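Undergrad: According to TrEMBL, the feature ATP binding site maps to Gly197, Ala198, Pro199, Gly200, Thr201, Gly202, Lys203, Thr204. The feature domain 'UvrD-like helicase ATP-binding' is assigned by TrEMBL to 176-517.
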Amino acid sequence: MTDPLDPERDHLVRSRTALARMRRHAEHLFTTGDQVAGDAYSSETLGRTLRQRVAELADDPRAPLFFGKLTFDTGEHAGNRYHVGRRHITDEAGDPLVLDWRAPLSRTFYQASARDPQGVAVRRRFGWAVGTSGATLSGFEDEHLDRGEELGTASRILTEEIERPRVGPMRDIVATIQPEQDVLVRAELDASIAVQGAPGTGKTAVGLHRAAYLLYAHRERLRRSKVLVLGPNRAFLRYIEAVLPALGEVDVAQSTVDELIARVEVRGTDTPAAAALKHDPRLAVILRRRLGQYVREPEDPLTVTDGSWRWRISVDALRRIVDDVRREDPPHALGRERVLARVISMLLRQAEAKRGDSPPETWQRRMARRPEVRAFLDHVWPAVTPEELVFAFLSDPSPAAGMLTEAEIATLAWAKPPRTAKAATWSAADAVLIDEAAGLIERLPSYGHIVIDEAQDLSPMQCRAIARRCEHGSFTLLGDLAQGTTPWASRDWADTVTHLGKPGTPVVPLTTGFRVPAAVVELANRLLPALDVAVPPARSLRRDGTLRLAPVTSLVEAAVDEARAALKQEGSVALIAADAAVPALAAAVEAAGLDAERVTVLPASLAKGLEYDHVIVAEPADIVAAEERGLHRLYVVLTRAVSRLVVVHTRPLPAVLAA
Ligand SMILES: Nc1ncnc2c1ncn2[C@@H]1O[C@H](COP(=O)(O)OP(=O)(O)OP(=O)(O)O)[C@@H](O)[C@H]1O
């Protein structure tokens, strides 16, 4: 009997050969590109595009070229079969061998169902065995939608994928995107969306696949305006950084909010009260008013000498100029340019009337440099940098008395103001204020789309910083109100999306959990009532997995023993503890000679967004006690486990957990 996989293996060989040909073609274009393009600029642009194309066509032997196949029996594709994979592959005649998963037709792969087969008779999912030398076809699973068969989440291939041991960085989920996720991934570019999802419901995965989808569907527009992915910290960004390149997208910026807004070096710290105040949206209004005070009404006419001529602009005319520009409300630096341009244009009109001809451009530039003109401009509309504005405010916040209490003014004011803005030691929260000031003074370029992960932790002021960079674009917000750990964490997405500049953005829930086993979800869910947020509970797809609560007498010893035992099984191991306990645990793990490649000793504050097969949580009571929102932190920590969670503790578990 012939093996039904044989024709699929043949198709794989043909696809691989075709991909190699496509890549050779792109490489050829790349090496000859500079001879084709005319000038240096277009040659560089073409070179970049072609280099990217070559990179996009890389054939990673561990990433199977296709994962699905659709056989159509009705509709416009009746009689056709299409393989679906990570990228388009065409044969020499240009006919498709593999459809990109983002192509319109591929949508059917994710959305067709027995109730609505969309012309599909059979949906086939391929199983792959991934070894060190690459991926080999190992089997397939068919759903005869035409006969009413549908596996849904009972698919063996889906189950194997979500239960596979997690080693290394995050992987793409193209082969198993679920219908509710697919709707979010393929939402229109102009549509901003907010996704509220419990831990492990695939928010990060959805955000990254949405970025890849949008880049495919709007390639030209987004190549220019760019897509940005924002994550909570570098460790998280490193964890997700391979996903987009694996999907052929090598040109997406990934950053933290702090990195995005970095204009000044952060060397200082704030008291918690001062930091919280600096993240308060009232500060945006205060800074705006403060900047407004730099603009002054003209008090004298302006007289400019020009060789033997003297030009004069009346106070009234000057006032009109300043008032008009103020009403137009441009960023401050642009306002200064406008005032200057209008003054010069009045001088020009006078000169034209007197001389009977129009002075050359150089005359206008010369007038703009006249000391009388500079002095006027510096008086009514002085240049100010973002750093200078914030420096002035923190040196003396008292003019904001109408909006701040006396205690708040005292909290904000520098105890010993530095002599100049350049000499200031800025804190992370100051950097946010400086960015706010920059947004008032200059125009910042807008991204085409921003994916904002772990968005529950953003302050209103950080949201405003993102909004400034998303003015002409859209965003995908991903988060979980229950995982908010910053002092300014959101309690309501309606507020967050308003600060992000797009009030009314719809909030879509994701509720199917792909990471955390049901028993662990049940434990973590006990914390939810104490977290003071309204979120829909999650349903775990995973029936496997284990949970053990282990009272012990020696914490470090027990934690190391657990880690040693965990190493006997496949997959990654994390030992998560309150930040202060990490050095001692790390030293003990090292002294015990455990495999540092596989065991991570992780401070609770860095656990967000990450996942490990086997998680050992040490002393929950300390994690809770370490910070104000310690219970939220514990909720994050408990939901990192993919297969096994062990909680070791010498002190009683927090009461809500023990319930
Ligand atoms: N459709 C899917 N098929 C297979 N695996 C999936 C699917 N959706 C999500 N996963 C896997 O589930 C795990 C959790 O996904 P992800 O990290 O995106 O969740 P999250 O909602 O961002 O979690 P957290 O709130 O903890 O940050 C990942 O390993 C991801 O690959």
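For all residues, glycine too, the Cβ spot is worked out from N, Cα and C.
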Undergrad: Average pLDDT across the domain 'UvrD-like helicase ATP-binding' (176-517)?
TA: 95
Undergrad: Which are the residues of the chain, Gly197, Ala198, Pro199, Gly200, Thr201, Gly202, Lys203, Thr204 excluded, whose CB is within 8 A of where the CB atoms of the ATP site average out, their centroid?
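TA: In sequence order, the nearby non-listed residues are Asp480, Leu510, Gly513, Phe514, Arg515, Ala538.
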Undergrad: Can you tell me which of these binding-site residues sit near ligand 1, meaning the Cβ is under 6 Å from at least one of its atoms: Ala198, Thr201, Thr204?
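TA: Only Thr201, Thr204 meet the Cβ criterion.
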Undergrad: Give me the count of other Cβ atoms within 10 A of the Cβ belonging to Thr204 (ATP binding site).
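TA: Neighbour count, Cβ to Cβ under the 10 Å cut-off: 23.
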Undergrad: Which three-state DSSP class does Gly200 (ATP binding site) fall into?
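TA: Gly200 (ATP binding site) sits in coil per DSSP, no helix or strand.
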Undergrad: So what sits near Ala198 (ATP binding site) in its own chain, CB-to-CB under 8 Å and at least six residues off in sequence?
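TA: Within the chain, Ala198 (ATP binding site) has Cβ neighbours under 8 Å at Asp480, Ala482, Leu510, Thr511, Gly513, Val521, Val535, Pro536, Pro537, Ala538, Thr639.
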Undergrad: Out of Pro199, Gly200, which of the binding-site residues has the smallest number of neighbouring Cβ atoms within 10 Å?
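TA: Across Pro199, Gly200, these binding-site residues, the one with fewest Cβ atoms within 10 Å is Pro199.
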Undergrad: Taking the Cβ of Gly202 (ATP binding site) as the reference point, list residues of the same chain whose Cβ is under 8 angstroms away and which are at least six residues distant in sequence.
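TA: Counting only residues 6 or more apart in sequence, the Cβ neighbours of Gly202 (ATP binding site) under 8 Å are Ile173, Gln178, Gln181, Leu510, Thr512, Phe514.
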Undergrad: If you skip the near sequence neighbours and keep only those at least six away, which residues in the chain come within under 8 angstroms of Thr201 (ATP binding site), Cβ to Cβ?
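TA: For Thr201 (ATP binding site), the qualifying residues are Leu510, Thr511, Thr512, Gly513, Phe514, Ala538.
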Undergrad: Is it possible to get the count of other C-beta atoms within 10 angstroms of the C-beta of Gly197 (ATP binding site)?
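TA: Taking all protein chains shown, Gly197 (ATP binding site) has 25 Cβ neighbours within 10 Å.
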